[in-house]
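A.B. asks: Next up is a structure, given as C-alpha cells.
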C-alpha cells in the first residue's frame, strides 16, 4: 500500500492554483502532493537570434530548485556559478514540451519564458513543472491576444506530464521521492490532452526491462494524463 | 497619502508564517505587503575553515530572487553564471545581522545557513529577509537544543530590520518599490528587540542630506522595529 | 530512396575499429556512415565521493565534438568556458547506458571514464558513442581482470544504441543528419544484446505522435540493435 | 595611546599626491598612514546602456587590492576568476559616493571610470579610495572642460570619506588595521565638504550599540572630514 | 641510440594526410611518429573587431588535446571551464606562425580558423600542429581563390616547425615525450621554406646554456625544416 | 635618434628600488624608463601538489597590469573573470626564469610567489618584471636563511631580462612601447649574470628574419644584461 492509502494507479492530490504572481503575465503554483512548483510565464517583445526575422515567436523554459526545497540542502546554482546537467536537461525538456502546445508563428515575434522554480521537492518536479507551466503559458497567450489582434489562436493543444515506474515489480503512477529512489524503471511521459505523445523518456535504473513493461507503464501514464487535463481546464476556468 | 491609506510612519501589513517547509529545520514565509520572502534555516554538522577547531559554530545567509519576482523579468543568476554585486551585498548583510542574534560558541561546531529567496518583490526585500530569517533561525536553534544538550541558550537577542526614507521631503517608514524609486534618502536599520543598533546603512540617492534627517529617520525606524519584534514573538509562539 | 541506396530499415555502413589508442586502457573508433566517434576507456584507481567506501566502482562518460566535426564550425566548448546543455545531456545518457553493462561491485574501487569525442558528425553521434564505448569498456575491464584477481566477471551484458525516426511519414532506422533535421519524430533506443530496454527517449519534433508509431519505431530499432550486437562481438574478437 | 602618539580623534598622516600617472586623465596616490591607494580617472566617450540616449554621462568605480598589499598574501582575483563580495560592495560604494560630487548631465555623454587599486593596506582602504578618487575625478573633469565647451561646471561639491569606530569603549577616528580588527563598532562616513551626509554605514562587530554612540561617532567623523576637504583642495591647487 | 634506430639529427616518421574531413574547407592529419594532430581550416566570411573595416582578413588558431591523448588521462578543458595557460600559449604561437605564411590583405575580409586537435600525444604537438595547419590553410586559401576573384595569391611562403633539444649533452632533433622530459634545453623553431626564422623559443630546463649550443640547435632545426617543407609540398600535390 | 638622446644599444634609465613593501618578505619597484613594475616576493610554508613530499620547494610568479597602466584603459581581468592568454604566458615565463636562479631543493618545502604588478606600462614589462623579481626573490630567500638553518645557499646565480628588436632595419636594445609597436622583430632574452642563456624568445612581427639578425640581437641583449646584473647587485647591497 502506498502512502496515504493511494492506489498504484492513483495520482497524488493535485492542486493547480493560477494567478499567484502580482507581476507575471501568467502564473500557476502547482502541487503534486508535497512537490510544489511555482510556474510563471513572462512575455518579452523580442525573439532569440535563430527565430529573428521569421515573424515567428519562441517559447522557452528555465528550471531551478530552491536550495532547501530538498531533504538535504543543495548548493545554490547561482553561487556555484553554473547550472547542473540535470537542471539543463530538465529545462530543455520543459521548453520542448510546451512548444508542442502552441503555434509559434501565431504568437508573433515575441518570447514567452516559463520559469519553473521548485519551492518544495518530493519527486516528479519536472512533470509537475510541465503541467503547471501549461496553465501559466495559456494565461500569458490569452493576455497577448487581448492586447494584440492575433489572426489565429496560438494554443493548439493542451500538454501535461506525469511520471510512472516499476516499483517492487508493479507499475506505479506519479512516483514520490521515496518510490523514485527504489524504482527499477522510471519513465516520464508528456502527452497532449487527447493522448498523443510529445515525449517519452524511460530509463532502467537497475536492470534492463522487457518491452511489455514499457506498454503497461504507458497505459498507466495515459490514464493519469487524462485526469491532469481536466484539472488544467478547471484551473484555466478559475477567474 | 500612501497606498491603501497607510500613514507615513506605518508598516505595511506584515505576515510571518512559520514552519512552511516540509524539509528545513526552520522556516518562515514573511510578507511585508506585496514583498514575499521564503526564509529557511538549514543545520549542517560542519563549520567553515575560519571557525574549524575553535568549538564555535557559524551562521551564514544566502539570498536570491526568482527571475519573475520583479516587475520585469530578471536574468536568472544561475544561468548568468554569477551572483550580482547587489546579491552578494545583501547576503553579507543578512548573515552579519543574524550572527548578532546568537552566541556562536553556544551553538557548537555546526553551521546554520539561512536561505532567503524572494518569491515576489515590492521593495524592502532585504529587511523582510532579515526579519523572517530570525524566525527560521530560532526554530532551527530550538531544534538543535532538543537533539543536543547545549550548556547555554544560543539565542541572545532578537533581530529585525526595516527600511526608512525621505520621500517628497517627508520621513516614510517601510518603503514599497514605488516609494523606494523616488526616495531622496534610503536607509536600512537592523536593530535588536530592545532598540540597540546592529547595522545602519543610509544613502543619499540624489543630494546629500543633513544630519538632522538621519535622526528623524532613526526615530521612525526604531518605532517600526519595536512592532516587528512583537510579530516575531507571536510567530515563534505559533505551534 | 535513402542516400547510397539504403533501405528504410537498414543501418548505415558500421565500422568498429578497436585498439586505436597507444595510451588508453580500451579504445574504439566507431563509424556509423560519416559519423566518426573516437571512444577511449581510462581506468583510474579512485572512485567519486558518492561511491567511496562502498567497495564498488564507477563508470562515467564525457562527450565532446571537435569544433569542425560539424558542417558549420561550432565554438570550442573549452574556449566558451562551459559545456552546453546538449553535451551534458548526452554524456549523462552515455554514462547511464554503459553502467547497465557492468556490475559496479565486481569492478572494485576504481573508475572507468569513457571519453567519446566526435571527430566527424553526420547524425546519431550519441548512439554511435554508446555502441563504440561498449567495446572500449569491455577491453578496459578485461585489462583490469588480467592485472587483478576479480571474483566475478564485471561484464553482465552487452549494450548498444541506435536512432530511429519518422521521416515523411515512414519509420527510418539510423538517421543521418539530413534525415534527422526533417524527422517528425526522433527516438534513441539503448538496449542490451538480448533486446531488453535500457533507455528509450522519443521526442515529437513537430506534432505529437500516436502510440502506434512508438511501437513501429521500437520494432525497427530492436532489429538494428541485434545487428550492432554482432558487430560489437566481432570487434571484441579482433586481436 | 595610539601608534605614533596619535590622539583618539586624530587622522593618520594624510598625503594626496596628484598627477602620478603618465597615461590617466586624472590620478592621485593617496596615503592614510600605511594605507596607499592609487586612484586613476579614465574618460571614455561612451556611456553604459542605462544612460544611453539621455544626454547624460556616468561615473563608475572599480576597486582591487594587489595580492601582497596585505599582511598575508591574498589570492589574486583575476586568477580566482571572480571578484569577492567585499570587492563588489566597495566599488559600488565608491561609485555612488563619487556620483554625488558631480552633475552627470553636465558631464555629457561620456563615462569617467575611477580605478582604485590598493598598493599597500593598513585599514581604511575604502575611505582612502573615495578621498583620493575625488581628486582624480576633478582633474579628469577639468580636462574634459578644457577640450569641450561645457555649459556648466559638472563638479557640484567635494566628497571625502573617513572611518570611525568604538575601540575599547572609546570613539576612535580613522582606524588602522589593528584597531579595525578589535573595534566593537565600525562606521564609514562619506560626506560633502560642507558636512552633508552622502552615505553612512555603521556595523556592530560584536554586540549591538546604543544610538548615543552613533551620534558620538558622527561628531568625530565630520570633524575629520572637514580636515580631509582642506587637503583635497590643496592637492587640486598643486600644479 | 634513439628509439627505432633513429639518429640524433633524424626526424621521426612524418605523415601528412590531407583532406581527411568531410566538412572543413581544408584539413590535414599530421603524424610526427606517435604524435597525431588533426588540423582543420574553417573559412568564415567575418573578421574580428581589430581588423573590421580595413579590408584585410585574419588567420587564427585554436588548440586542444583529447583527454586521453596523453599517457595519463587529463581533465577535459571544457569540463574544467577554462583553457590552461599552456593551451593558450600554444594556440597563440600557432596563430602567429601561420599568419607569417599569408598576406592578410590578399585574403580579403574573412577569417580562417585553424583548429589543431591532438588525437594522440608523444611530444612535439605544437610543432606538428604548425606543420599540418599550413597544409590545411593552403587548401582553404585555394578554395577561397576558386570561389572569389582574388587579385593576388595570399600564400606568401611556406611555414613549418620542429623541436630540437640537448639530451644527455647532445643535440637531438624532433624530441619525443621521453626525450623531452629529460632534455636539458628545449627549443621550438618555426621557419619558412627557405630558412628564414619566424619564431624561436629556447628554454633551459635545468641549467642555463651557452650561446654556442643555441647555434648548434639552430643548425639541426633548419636541416629538419627543409625536409618538412618537401613533405608539405608533396601533401599539397596529393589530389 | 631615440627618445631622450638614447643610443641604439643603450638601456633606458633603470631604477631598482628595493624594500618598498611594508608586508612582503621581499620587494622591488623596478623602473625601465616609464615602465614601472612592483615586484613582491611572498613566502608560504606550503608547496604545490607536484612538489609535495619531495622535500624541495617551489618558486612561481603571477603578473597583472593595473587597468590604467596603459595608454588606453584595459578591462580589469578580475572583472572579466579570467586572465588573458598574454598574462598567463608572461607569468609562466617569469616563473621559469626565476626558478633558474635558485636551487629548489635548498629552499626546503616552501613556496616563494613573485607578484609582478605593472603600475605603469611603456614596453618591456615582462623583462622589467624578471629583473625586479630577482631582487625581491633574493631578499625573501635571505630572510628564510635568517629564520631557518639552511644547509646550502639556495641562490645559484643571478637572472635578468631585456628586450631587443629590429626597428627600421637596425638592432635596438630595450624597446619602449612606440618602438615595440613598429619593430620588425622582437626578442626577449633572459640570461644569468655570467651570460648563459635561460630563455630566448624571438618573433618576426612582419616578415621572417635571417639567422644573422638573431646573432646581432643576441650580442646587444647580452651587453645590456651585463649592465642589469650590476644594478641588481647594487640594489641588493642597499640596506
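In case you wondered, yes, glycine gets a Cβ from its N, Cα and C as well.
Below, the features straight out of Swiss-Prot:
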BINDING   E:86, E:124, E:125, E:126  phosphate binding site
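Tell me about the surroundings of these features in the structure.
C.D. replies: Around the Cβ of residue E:86 (phosphate binding site), the number of neighbouring Cβ atoms within 10 Å comes to 14.
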A.B. asks: Within the same chain, and leaving aside E:86, E:124, E:125, E:126, name every residue whose CB is within 8 angstroms of the centroid of the CB atoms belonging to the recorded phosphate site, in sequence order.
C.D. replies: E:63, E:90, E:118, E:121, E:123, E:127, E:128, E:129
A.B. asks: Return the count of C-beta atoms lying within 10 angstroms of the C-beta of residue E:124 (phosphate binding site), excluding that atom itself.
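C.D. replies: I count 25 other Cβ atoms within 10 Å of it.
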A.B. asks: Check residue E:125 (phosphate binding site) against DSSP and tell me helix, strand or coil, would you?
C.D. replies: helix
A.B. asks: Taking the Cβ of residue E:126 (phosphate binding site) as centre, how many other Cβ atoms lie within 10 Å?
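C.D. replies: I get 24 for this one.
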A.B. asks: Would you list the binding-site residues among E:124, E:125, E:126 that come within less than 8 Å, Cβ to Cβ, of chain B, in the order they occur in the sequence, writing 'none' if nothing qualifies?
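C.D. replies: Listed binding-site residues meeting the cut-off: none at all.
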A.B. asks: Would you give the longest CA-CA distance, in whole angstrom, between residues of E:86, E:124, E:125, E:126, the set recorded as binding phosphate?
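C.D. replies: 13 Å is the greatest Cα spacing among the residues binding phosphate.
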A.B. asks: Same chain only, sequence gap of 6 or more: which residues have a CB within under 8 Å of the CB of residue E:125 (phosphate binding site)?
C.D. replies: E:35, E:37, E:65, E:90, E:118
